[in-house]
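Student: Here it is, the structure in full.
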Amino acid sequence: MPKYVFVTGGVVSSVGKGITTAAIGRLLKSRGLRVALMKLDPYLNVDPGTMSPYQHGEVFVTEDGAETDLDLGHYERFTDENLSRASNVTTGQVYSAVIAKERRGDYLGGTVQVIPHITNEIKARIRQVAELHRPDVIVVEVGGTVGDIEGQPFLEAIRQMRREEGRRNVLYIHVTFLPYIASTGEVKTKPTQHSVKELRAIGIQPDVIICRTDHPVGDDVRAKVALFGDVDEDAVILLPTAETIYEVPLMLERAGLGRYVMEHLGWDDRDPDLADWERMVERLKSPRRRLRIALVGKYVELHDAYLSVVEALRHAGLAHDVAVEIVWVNSTAERSEIEAALRHVNGIVVPGGFGPRGVEGKMLAARYARERGIPYLGLCYGLHMAVIEFARNVLGLCGANSTEIDPETPHPVIDLMPDQRGVEMGGTMRLGRYPCQLVPGTKAALAYGESLVYERHRHRWEVNNAYREAFEAAGFVVSGQSPDGRYVEIMELHDHPWFVGVQFHPEFKSRPNRPHPLFVAFIGVAKHVLREGEQRPLPLAEPVAMPAADD
């Protein structure tokens, strides 16, 4: 029977519960335990698949094709474990399931209520992870903040879990924030006291309180939190802001959290195997040089919209002992602004996306990289932008486009597959893990060092095979495809240092100690392209003609 660790948050949102949950998973795995992690999201959406990145950040795709919360990306990167759709539960999923059961008559005509029906469904989904993954321990993050009305059923469900599973099999960890008052030079504990008080009013007594802080905190603060929170002093963990998120497991271990969790759950503590992790963090904090990589997208104001891409670039930089500095380039900006940003970068990444807004800037970036020999990595939509730009400016296909952008284009170089036509959004995309057969001798094959790989997808539109021969004749070749030859998965330029576009999302599979080979190869070329500080002359490229359009 598995044991459970529940992580809640108080005082403010975005306090760091996701990183804390991932770090706890790392600490327990380093002690030889089989670990599973999951996120309970209180919002009413079924999943974040159709939510705006401005609202939610990136959508993280699991191996089995679930569109999930970005925190699952942290979980996978920290624990190096592939999660499943069962690892992300939303209020929308829970209510949909309960209502469907009521319609089928599963409740035998009874009155359907939040307690017990909604809470029972939540508990069943938590236990489903235990059945699927057979872990020793499940670490569960409860989204939102204590006091949010939509989170109440989830808190009630985890309260009941301790009663049903036994006190020694359930641990509650509460993550709070200690605000700093500059005028008095004090760190205040009162918000944490009230947050714990509210949690206790629900019936949950936290076993551990983790206090996030941006300023040094003394032992007197720890003692005060322990007194008002009714926990042991060594169960109050002071967690200052880290230089890198990957340092958090080491900070929590030094604070004694790993030992405390093991002892509370009735296990003998073991020495954690964190040597590789410590070396990785040390290298992250002391790189030999810096690279500037342009990330060209339309949601750059919210960096979380491209979280996995940024982390994958940093992982690849670690493999080459360089620090990757992201140059955020808004693809909706004026051409002159985009050009100015691209003058002094070592490489360009155009990440995934949807819709027509900002495509002009993305294609300008693709053309600049192609014409100037600058390393380019196009991810999903980034491949589409490179294909359209090449079709127009090299193949001479006037008006070439994607039918996603222009349904009436005379040259649909990017198009829906026939079986996708007429299907509405929401659960209709090509999602999850699919095989890709690599062409021997290509840059992609050399990067992977394998002939068959599996990658995660999230898209509806594909490269149109009707134009494949024309592209290959001009040097833009297919270097990876589905084993049946139906789908183009990777394209690359023959006569270019590194110009590769992929239909999938390799960033979802990158880990700090196991960076993705495509990102490693990209950074490996980029670090030889441009000396630090050097600038290229303007103009960079002629503008790409695109019709004005909005999302």
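Cβ from N, Cα, C; glycine included.
The following feature annotations were taken from Swiss-Prot:
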REGION    1-267  region 'Amidoligase domain'
BINDING   Ser13, Asp148, Ile149, Glu150, Lys188, Thr189, Lys190, Pro191, Thr192, Gln193, Lys224  CTP binding site
BINDING   Ser13, Lys188, Thr189, Lys190, Pro191, Thr192, Gln193, Lys224  UTP binding site
BINDING   Ser14, Val15, Gly16, Lys17, Gly18, Ile19, Asp71  ATP binding site
BINDING   Tyr54, Gly353, Tyr381, Gly382, Leu383, His384, Glu404, Arg460  L-glutamine binding site
BINDING   Asp71, Glu141  Mg(2+) binding site
DOMAIN    292-532  domain 'Glutamine amidotransferase type-1'
ACT_SITE  Cys380  active site, nucleophile
ACT_SITE  His505  active site
ACT_SITE  Glu507  active site
Student: So among the binding-site residues Tyr54, Tyr381, who's got the most Cβ atoms within 10 Å?
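Tutor: In terms of Cβ crowding, the pick is Tyr381.
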Student: Give the sequence-ordered set of same-chain residues, not counting Ser14, Val15, Gly16, Lys17, Gly18, Ile19, Asp71, with Cβ within 8 Å of the centre of the Cβ atoms defining the ATP site.
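Tutor: So the additional residues around the site are Gly9, Thr20, Thr21, Glu141, Val175.
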Student: Indicate the candidate from Lys17, Lys224, His384, His505 with the smallest number of other Cβ atoms within 10 Å of its Cβ, considering only these recorded positions.
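Tutor: Among the recorded positions Lys17, Lys224, His384, His505, the sparsest Cβ neighbourhood within 10 Å belongs to Lys224.
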Student: Just to confirm: which same-chain residues, 6+ apart in sequence, have a Cβ under 8 Å from the Cβ of Val15 (ATP binding site)?
Tutor: Gly9, Thr145, Val175, Thr176, Phe177, Arg212
Student: If you run the three-state DSSP split on Ser13 (CTP binding site), which class comes out?
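Tutor: The residue in question, Ser13 (CTP binding site), is coil (DSSP, three-state).
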Student: Can you tell me how many other Cβ atoms are located within 10 Å of the Cβ belonging to Arg460 (L-glutamine binding site)?
Tutor: 15
Student: Using C-alpha atoms only, work out the spacing between Asp71 (ATP binding site) and Ser13 (CTP binding site) and round it to an integer in Å.
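Tutor: Rounded to the nearest whole number, the Cα-Cα distance is 14 Å.
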Student: Taking the Cα atoms as reference points, how far is Thr192 (CTP binding site) from Arg460 (L-glutamine binding site) in Å?
Tutor: 46
Student: If you measure from the C-alpha of Gly353 (L-glutamine binding site), which of the recorded positions Ser14, Gly18, Cys380 fall inside 10 Å?
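Tutor: Of Ser14, Gly18, Cys380, within range: Cys380.
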Student: Please work out the number of neighbouring Cβ atoms within 10 Å of the Cβ of Glu404 (L-glutamine binding site), leaving out its own Cβ.
Tutor: 20
Student: Rounded to the nearest Å, what's the C-alpha distance separating Glu404 (L-glutamine binding site) and Cys380 (active site, nucleophile)? Just drop the number here, would you?
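Tutor: Counting only the Cα atoms, the answer is 13 Å.
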